[in-house]
Amino acid sequence: MIRASLAALICLAACGEQTPPQMAADSALAPSEVRSGYTFLQPETQALQDDDFSNPSYLWIDRGAGLFSQAPEKGGAACASCHTGANLPLEGAAARYPAYDEASKSLVNLEGRINLCRQQHQALAPLAYESDDLLSLTGYVASLSRGESVSVSIEGPAAPYYEMGRAYFFQRKGQLNLACSQCHNEHWGRQLRGDTISQGHGNAFPAYRLEWQAFGSLHRRLRDCDAGIRAEPLDYGSELYTAVELYLASRAGGLPMESPGVRR
């Protein structure tokens, strides 16, 4: 019955008369209902995430630890020279991103913060989004916050970005005319194409996805979701995807950071 209802939803969206983008019905997760995507994984996938020796993400985490401690070839200080011991510690930092950056007057996620640090403090060019070096550094820094509660600010200058991300989450889009909220607020826990629909939280990212056979960012996952509903994916690192990331982090407030996670 549940599978049939979801199939009908997709069929009606795909086959019905197409209309301009509209907003899905307002919906929300009750605080008592908020659950990490880990909850919906098969036991063997949970075990893979839990075992640091078997978790394939650590190929990137170990690389990131090396890059973090390595001084740039053209001179300058290593990341570790600023973030060692009590000097600007990074434990817990990833749980507070995305965050508004006063210097650049923009919302930045962890990848963006790393690239800003490279430019401002190491005189280096920013790393390409989804490159192994940026994924590795981001994964390593995120791993230092594993177990910390997700806690982002949506006040002050971050507020417009939160609203932008929320609007995208509820906006119907693509040829299927579906919104993120319809799967992840209204139908989480149900079956679709052999998988259990999660609540769509990003607390495990960067993560290793079995489908990718690779480590990837939350923006890569968002692009996959948009492609899945036949919508045009946005650019990696785009302002709008970063705003969606902020909305998702606020929505996941209190969940533990799991990166480097493993997902289907």
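Glycine is no exception: its Cβ is also placed from the backbone N, Cα and C atoms.
Just so you know, TrEMBL annotations are computer predictions that nobody has curated.
Because the structure is a prediction, the values reported are computed rather than measured.
Going through C117, C225 against TrEMBL, the one listed in the heme c 2 site together with C180, C183, H184 turns out to be C225. Look at the binding-site residues C82, C183 and count other Cβ atoms within 10 Å of each Cβ; C82 has the fewest. Here the Cα atom of C180 (heme c 2 binding site) is found 8 Å from that of C225 (active site, cysteine persulfide intermediate). Same-chain residues that are not part of C79, C82, H83, C117 yet have a Cβ within 8 Å of the Cβ center of the heme c 1 site turn out to be F68, A77, A78, A80, S81, L88, L90, H121.
In the three-state DSSP classification, C183 (heme c 2 binding site) falls within a helix. Looking at the domain 'Cytochrome c' (59-145) alone, the prediction's average pLDDT is 94. Long-range Cβ contacts of H83 (heme c 1 binding site) within its own chain (separation 6+, distance under 8 Å): F68, P89, L90.
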